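Working notes, structure below.
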Amino acid sequence: MITLINLKILIKLLLILILPPVIGCILSGIDRKVTAHLQGRVGPPLLQPLYDVIKLFNKENIVVNKYQNVYVITYFIFVVLSLFMLLMKMDFLMIIFVYTIANTSLIVGGMSTGSPYSRIGSVRETISMLAYEPILLFYIIGMYMLTGSFKISKLAYTNKPLLYYLPLIFIAMLFIMTIKFKKSPFDFSTSHHAHQELVKGMFTEYSGPALAIIEVAHWYEYVFLLGLIFLFWYTSPIIGLILALITFFLEIVIDNICARLSWEWMLKFTWTIIIGLSIANILFIYLYNVKIL
Amino acid sequence: MAGISKNIMSKSPWVVHVNCNSCNGCDIEFLACLTPIYDAERLGIINVGTPKQADILVVTGSANYKNIDVLKNIYNQMPEPKVVVAVGACACTGGVFHSCYNVIGGIDEILPVDVYVPGCCPKPESIIDGLIEASRILEEKRIKIKNPDKGVAI
């Protein structure tokens, strides 16, 4: 019996480690394909992100200082850990803390190089963290007020989806997803293919295997971020998945129809309208004392 | 996995573009490769901003005493394996500026050029052709680095 449980946990662990990068790779391939079609191009093959990563592993690793590699590995480990904690339905507050460490290490890595492009990119990433962290906390507070617990596993005991009670926070999270996916209105810290800003922003000084590890960590991060959207409809996994996929395609469309904005605009926008929406939602739950558990 | 990693260099060659006092004709034609008509991204070719992430160095314009240090610096920042493509008559030989008092000549006076794309200015089709040839040489260089005693295998 004990070995059976151990085997189950082992299989679960393997699935958590192997499945997300596969999904993330295909998602980022779809991203590039859809973007190309929206621009009237044919676009690269679906597995192009995988080819890029294998190619990068075959390249030489040029670093300015050896600490850069440490920060890349820290970023990778903490992104995987936060996704692992999310899939194991652990404490939501803790997950966001672990996730913050991942992003912080990326910023410190960019800062450690001394290249002006990389530094400005890192500073801008810090500013975008300033913009999105409060919204994530409001999301957690909203969930806590509804269920009386920070644990994600508590969501399984109710059949009422969070989206009914946190619709304004969902809208706020859509904007946060645009910041986190580094999509067009807010892609000023670093950006994806064919949008160049500040050379390559935070990742200017990374090359070869280090960049490949960052890219693989991004695949985990894609799944993690869509997992946060999935939680809005945790009661029915299929609707939750559809919600996450709709969000993803919405982000691609927003990426292609928007021009890049300045960081001042983003900070003003998130700290007034987006935080206002979130507070309105929290106030509503507080005043009417809504509980789903 | 072994099947995927075969010819991997030619599947995603990332390009960094350097203008060595070119007249902008070749640069416009090179950027035309990335537009929807020619769409170089379908071959995995991406124009990256930083030399540290690039595989192919595309140089337009002739080498002269003002840009020689910049060009060498950019080339040295690229990780191995790397390939240099000279685009246009000026980059290949010096073109109409050849034997001017401040012009050294073609890019091959300074860097080891692997592919020459002649023309003034070359068509986007011939530039893409040159990039595909460059990505093939890139794969050869990767195999050479991996097994130094084996030599060229393709």
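Placement of Cβ uses the backbone N, Cα and C atoms for every residue, glycine included.
Please treat TrEMBL annotations as automatic predictions, because they have not gone through curation.
Features reported for this protein in TrEMBL:
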{"type": "TRANSMEM", "residues": "A:9-30", "note": "transmembrane segment"}
{"type": "TRANSMEM", "residues": "A:70-87", "note": "transmembrane segment"}
{"type": "TRANSMEM", "residues": "A:92-111", "note": "transmembrane segment"}
{"type": "TRANSMEM", "residues": "A:131-150", "note": "transmembrane segment"}
{"type": "TRANSMEM", "residues": "A:162-181", "note": "transmembrane segment"}
{"type": "TRANSMEM", "residues": "A:210-234", "note": "transmembrane segment"}
{"type": "TRANSMEM", "residues": "A:241-263", "note": "transmembrane segment"}
{"type": "TRANSMEM", "residues": "A:269-288", "note": "transmembrane segment"}
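Cβ atoms under 8 Å from those of the transmembrane segment (A:162-181) belong to residues 128, 131-132, 135-136, 138-139, 142-143, 146, 155, 221-222, 225, 228-229, 231-234, 243, 247, 250-251, 254-255, 266, 269-270, 274-275, 277-278, 280-282, 285, 290, 292 of the same chain, restricted to positions at least 6 beyond its ends. Under 8 Å from some Cβ of the transmembrane segment (A:131-150) lie the Cβ atoms of residues 91-94, 96, 100, 158, 162, 165-166, 169, 172-173, 175-176, 179-180, 228, 231, 266-267, 270-271, 274-275, 278-279, 281-282, 285-286, 290-293, all in the same chain and six or more residues away from its ends. Stretch with the largest number of CB pairs closer than 8 A to the transmembrane segment (A:9-30), among A:70-87, A:210-234, A:241-263, A:269-288: A:210-234. Here the transmembrane segment (A:269-288) has Cβ contacts under 8 Å with residues 131-132, 134-135, 138-139, 141-142, 145-146, 165-169, 171-172, 175-176, 179 of the same chain, all six or more residues outside its ends. Panel annotation: around the transmembrane segment (A:210-234), residues 20-21, 23-25, 27-28, 49, 52-54, 56-57, 61, 63, 68-69, 72-73, 75-76, 79-80, 82-83, 86-87, 99, 102, 106, 139, 143, 152, 155-156, 161-163, 166, 170, 173, 177, 180-181, 203, 240-241, 243-245, 247-248 of the same chain, lying at least six beyond its termini, place a Cβ under 8 Å from a Cβ of the stretch. Residues 16-17, 20, 94-96, 98-99, 101-103, 105-106, 108-109, 112, 152, 206, 210, 213-214, 216-217, 220-221, 223-224, 227-228 of the same chain lie 6+ residues outside the transmembrane segment (A:70-87) yet bring a C-beta within less than 8 angstroms of a C-beta in it.
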